[in-house]
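Trainee: Below are the structure tokens for one structure; questions will follow.
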Amino acid sequence: MAVDLLLGLQWGDEGKGKIVDVLTSKYDIIARFQGGPNAGHTLEFDGIKHVLRTIPSGIFHKDSINIIGNGVVIDPVVFMKEIEGLEQFKIDFVNRLLISRKAHLILPTHRLLDAASEAAKGKAKIGSTLKGIGPTYMDKTGRNGLRVGDIELEDFEQRYRTLADKHESMIQFHDVDMQYNLPELEEEFFQAVKELQKLTFIDSEEYLNRALKEGKTILAEGAQGSLLDIDFGTYPFVTSSNTTAAGACTGLGIAPNRVQEVFGIFKAYTTRVGSGPFPTELHDEVGATMASVGREFGSVTGRARRCGWLDLVALKYAVEVNGVTELYMMKADVLSGFETLKVCTKYTYKGETINYLPYNIEPENVEPIYEEIKGWNADLTGMTSYDQLPTELKAYIQFIENYLDVPVKVVSVGPDRKQTIIK
Ligand code: GDP
Ligand code: IMO
Ligand code: MG
């Protein structure tokens, strides 16, 4: 059987967690392939709200297997807290949550290094979630990292010490004022590592390829969004992994020809948390309304998300880089009540009109060109079928489909599992 991918097409927080949860009953296995606890995937059902960080969003469905792939970075401390938070649901973590031995470990000193590096950058900071993501992937590509499988080695503590000592000297190099108690952080880390060992470690590429041969279905769950991709995002204001479709192949050990559908998730408008260029950002009341109606606060850091109009030029780029086959439009309900909606269809770039995402998209180089579309004023949150949606919203969707040349298959009208309209 094949693998389907589910990816965020903007700067993250598109609503991936909600949709994975909605789709899980159709799949045997849900697998995370990159990122780590910088992610915050929200699921809502039966009046309860959950935010998952490293655990795949299929975990609430009793029959699904959830895999953390080799491309993910795991912080044992955050991870064990996440598990504790789910204890009330009596989830079988040992048999249903499997972790790749090749996934890299986030050490306490990776988190400290992240903070030191950001502090040293001053105004040029990335706006990182400070979860140690960048330093951990640096150690991975620098071939110094520790992996989940290393926990099973006799000299794990010694390997840990060597790396942590190196990190300490790197923290000093940044020469910033930072207070921390490393022995305390290490005690917490080793306690969490001990707990982590109660879970099942696997060779996930072997497991997944065997599952495919046995006819099982897999949904790969992306974290972050395409514009935060280390290669294709708004570098250097990106995360440190490949968030795009190719990342699912390297982050799970699945060959490209096994990939079937690519589901691209996007908000009906655009948000971004952290620093970096954002051509359609609004600094006015319209942006503030999107933020308050859409409750645009980061699920991990609580930071306010920046808001703006839908950017179809950037979305088209993401559709192409990922090979998106179906679009899922989220948070349509948040746009209700605006008389006119704007959609960016071109940019003015260094005085010329262009319809692609150029190398420099900073405000001094790029200005969005908008088309206006009539808005709608209806409460969508109780609607259950496509026919019920206002004509203007259907026209908005049609406009997007025409521009991107990919069908919108799902329209989300609220955070709950049930507020999902299949077209
Ligand atoms: P993820 O990181 O892509 O999983 O997205 P987040 O969970 O970080 O952010 C999406 C936020 O929007 C969460 O608070 C969701 O509960 C919420 N959400 C998802 N879909 C909808 C929707 O259709 N309408 C509204 N109003 N909220 C939604
Ligand atoms: P989910 O999976 C939104 C952003 C950070 C920062 C940049 C780098 O919930 O969509 P990092 O901690 O990775 O070094 O931060 O990336 N960022 C996200 N923004 N959603 C996320 O994940 C994000 N993960 C990282 O705000 O700008
Ligand atoms: Mg999120």
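Cβ atoms here come from the backbone N, Cα and C positions, even for glycine.
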Trainee: Of the residues Thr54, Thr129, Thr289, only one is listed by TrEMBL in the IMP site with Asp13, Glu14, Gly15, Lys16, Asn38, Ala39, Gly40, His41, Arg143, Gln224, Thr239, Arg303. Which is it?
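Mentor: Matched candidate out of Thr54, Thr129, Thr289, per TrEMBL for IMP with Asp13, Glu14, Gly15, Lys16, Asn38, Ala39, Gly40, His41, Arg143, Gln224, Thr239, Arg303: Thr129.
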Trainee: Give me the non-local Cβ neighbours of Asn38 (IMP binding site): same chain, 6+ apart in sequence, Cβ-Cβ under 8 Å, ordered along the sequence.
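Mentor: Counting only residues 6 or more apart in sequence, the Cβ neighbours of Asn38 (IMP binding site) under 8 Å are Ser128, Thr129, Lys131, Ile133, Ala223, Gln224, Thr239, Val300.
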Trainee: Cβ neighbours within 10 Å, counted over all protein chains: which one of the binding-site residues Thr42, Gln224, Ser299, Thr301 has the most?
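Mentor: Its Cβ has the most other Cβ atoms within 10 Å: Gln224.
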Trainee: Rounded to the nearest Å, what's the C-alpha distance separating Ala332 (GTP binding site) and His41 (active site, proton donor)? Just drop the number here, would you?
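Mentor: That comes out at 18 Å between the alpha carbons.
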Trainee: From the recorded positions listed here (Asp13, Gly40, Gln224, Ser299, Gly302), select those whose CB sits under 6 A from an atom of ligand 3.
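Mentor: Listed by sequence, the hits are Asp13, Gly40, Ser299.
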